[in-house]
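Visitor: Quick one: structure below, then a few questions.
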Amino acid sequence: MAILSDAATQVLVPLAAVVGIAFAVAQWVLVSRVKLSPSARGGARDKDVLGESLIEEEEGLNDHNVVVRCAEIQNAIAQGATSFLFTEYQYVGIFMSIFAVVIFVFLGSVEGFSTRGHPCTYSKDRECKPALFNALFSTVSFLLGAVTSVVSGFLGMKIATYANARTTLEARKGVGKAFITAFRSGAVMGFLLASNGLLVLYIAINLFKLYYGDDWEGLFESITGYGLGGSSMALFGRVGGGIYTKAADVGADLVGKVERNIPEDDPRNPAVIADNVGDNVGDIAGMGSDLFGSYAESSCAALVVASISSFGVNHDFTGMCYPLLVSSVGIIVCLITTLFATDIFEIKAVKEIEPALKKQLIISTALMTVGIALISWLALPAKFTIFNFGEQKEVSNWGLFLCVAIGLWAGLIIGYVTEYYTSNAYSPVQDVADACRTGAATNVIFGLALGYKSVIIPIFAIAVGIYVSFTIAAMYGIAMAALGMLSTIATGLSIDAYGPISDNAGGIAEMAGMSHRIRERTDALDAAGNTTAAIGKGFAIGSAALVSLALFGAFVSRAGVKVVDVLSPKVIIGLVVGAMLPYWFSAMTMKSVGKAALEMVEEVRRQFNTIPGLMEGTAKPDYANCVKISTDASIRQMIPPGALVMLTPLVVGTLFGVQTLSGVLAGALVSGVQVAISASNTGGAWDNAKKYIEAGASEHARALGPKGSDCHKAAVIGDTIGDPLKDTSGPSLNILIKLMAVESLVFAPFFATHGGILFKLF
């Protein structure tokens, strides 16, 4: 028996979630103390500011016009982001409603919409709830996951647009103040998402339990809809937001920086507001939904396997909730870790920013290792059994601890390898920057080579994690390794959201006409954020690989597939097609960015050519039209890639059956992880190579610059090519492999009963 009682578990899980939400609110209150109104600063007339004003006058601390301009720009960015998300959610809402009906009809038809109970799949001597009610509860959990994902992304976007100008204003006082504001704002998103995801899942389990009672097999099978809902919304958020942000970014860069030779966030550039809006809808709302989907799916995969193991058979609620307890400990650990960045270690210089963010990863991983050991000892019996493809495998609590820990540390390794290949502090990116001396072509060649090479160590880390965790605890071990990688999701998201907030802060500083010194500070914040964003994508892709494999195992078990034989023609055709899907999907998303960017470039050129006085700064550009172009293009272009991912499992499972679908899932997993890592890292390297030349922080960098030189223009072209790779195709691919796997698991009963129509006919 476990030391921790069921009653204690019922208290600890929601308590950790509530503490996380309270901490997020507290961080938001601290950020809101930075006022966006001139009267709040009071200038030299305010007694509280009088002492500082003499020292900080040169930074424009008392310039009321700057504060007003910052507030106006922030308002324009916030309105653009809100408008896009509401438009996107209208389309997504229609899809959500239709797909909910599809889930109900397909799963309800497994037993002809019967309201009679049926023998359980894994315990034939027991009776489980009717398939019709499983269909109903799966539909409800799908809608719950979708709504939670949407709310998580929207809340993240709101706090980011609330904090960007505040970060700019704090940069006048010093880089440390600006860092704390940006990081606290990221923490609001990180803790809200992690806590809301845990709390909603916990409440759903307890409510469903009122109906299911002792039928834990049916209960946790229906809960898998929660992961499907989360990832469905993440797909559209990532693809739609990615197309939006890169269309604006490419348009702004190609016309502004290359053709017109003006700074990146110059207010004369018509695409500049759309570019800043894109940072929020793509990198904040999209990333939030993406990592929420990973968390929901890994939790669901672990719960499904646990429900047919000794935890489910013996109705051990505490053991059953072990995945939720790991996430609960993660929230508390991340809370402590955040205090190191905001309260314990003070940032005083630009060079301290990136090390401070990296310390967050190390501290959270080290503390979480201790937390996992503690909760494994308290919540798990010394010995228990785990379902392993029709058999029960005996596992010890320390073995399961090792599974979670190996996922956690594999995530840290992937994060550091990603940083090495994407940060301009190391030789790979510096080599890419050096290649710009001979033009854009060599820059592109070096960048592609870097991306391919960066795949090697993460894949070995994932492979070792898979082997060890599967050997110890079968598919449950892999699911828990994935959850281990995501256990510090609050810290990961805080670091990730910090990047776009800092990027926006730099753009606002440029548009508001603030001093060069302020812009240098915001650029330093942004450069560190660029690397951490790449680290966040590495975490997302690594966890997606483990989550997909765990879901694949659950699907194979649920669909009654004894062996997936790669020499079988049914399986091998699935493998080949599945391996092709990431390329098809990438082609669609890349071309979508290209089409949207083409419209943006033409509009920006038109405004520069037809608006008198625009280049001279005496006339204002039409920002709203560029925002509209990005919005319309991204909404229109996100539908085909989304349809490809959502329809593939349904079509393959229905027409060709579970064997072929198993091949498709395996092929997509193996191929998708490689393409996603290389695309994300190539794009990140090109971006930071450009920033390396622009910053001119070393003798080598100054020899390649300055801004506007041929070398810099070659770097901008590389960055422009990399934008859709790192912010649209790469990050979206991890959703492709997760989403197809969880969708297959949800529809497994239907495919097992009615699938393979074509093979039955011929």
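Glycine is no exception: its Cβ is also placed from the backbone N, Cα and C atoms.
Feature list, courtesy of TrEMBL:
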TRANSMEM  12-31  transmembrane segment
TRANSMEM  91-110  transmembrane segment
TRANSMEM  130-157  transmembrane segment
TRANSMEM  178-205  transmembrane segment
TRANSMEM  320-341  transmembrane segment
TRANSMEM  361-386  transmembrane segment
TRANSMEM  398-418  transmembrane segment
TRANSMEM  455-479  transmembrane segment
TRANSMEM  539-561  transmembrane segment
TRANSMEM  567-585  transmembrane segment
TRANSMEM  644-670  transmembrane segment
TRANSMEM  735-759  transmembrane segment
Visitor: For the transmembrane segment (455-479), could you work out the same-chain residues 6 or more beyond its ends whose Cβ comes under 8 Å from its Cβ atoms?
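Guide: Same-chain contacts beyond the ends: 298, 301-302, 305-306, 309, 323, 386-389, 393, 395, 399-400, 402-403, 406-407, 410, 413-414, 417-418, 538, 541-542, 545-547, 549-550, 553-554, 557, 673-674, 677-678, 681.
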Visitor: Does the structure show the transmembrane segment (91-110) and the transmembrane segment (735-759) touching, where I'm treating 3 or more Cβ pairs under 8 angstroms (sequence separation 6 or more) as a contact?
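Guide: Checked: the transmembrane segment (91-110) vs the transmembrane segment (735-759), in contact.
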Visitor: Compare 12-31, 320-341, 398-418, 539-561, 735-759 by their Cβ pairs under 8 Å to the transmembrane segment (361-386) and return the stretch that comes out on top.
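Guide: Highest pair count goes to 320-341.
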Visitor: Please figure out which one of 12-31, 130-157, 398-418, 539-561, 735-759 racks up the most CB pairs under 8 Å against the transmembrane segment (320-341).
Guide: 12-31
Visitor: Could you give the residue numbers and ranges of same-chain residues that sit at least 6 residues beyond the transmembrane segment (539-561) on either side and whose C-beta is under 8 angstroms from one of its C-beta atoms?
Guide: 121, 221, 224, 227, 287, 290-291, 294, 297-298, 300-302, 304-305, 308, 387, 389-390, 407, 410-411, 414-415, 458, 461-462, 465-466, 474-476, 478-479, 481-482, 485-486, 492, 658-659, 662, 665-666, 669, 673, 676-677, 680, 730-731, 733-735, 737-738, 740-742, 744-745, 748-749, 751-752
Visitor: Which sequence positions outside the transmembrane segment (398-418), separated from its termini by at least 6 residues, show Cβ-Cβ distances below 8 Å to it?
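Guide: Same-chain contacts beyond the flanks: 322, 326, 361-362, 365, 368-369, 372-373, 376-377, 380, 454, 457-458, 461-462, 464-465, 468-469, 472-473, 476-478, 480-488, 534-535, 537-539, 541-543, 546, 680-681, 684.
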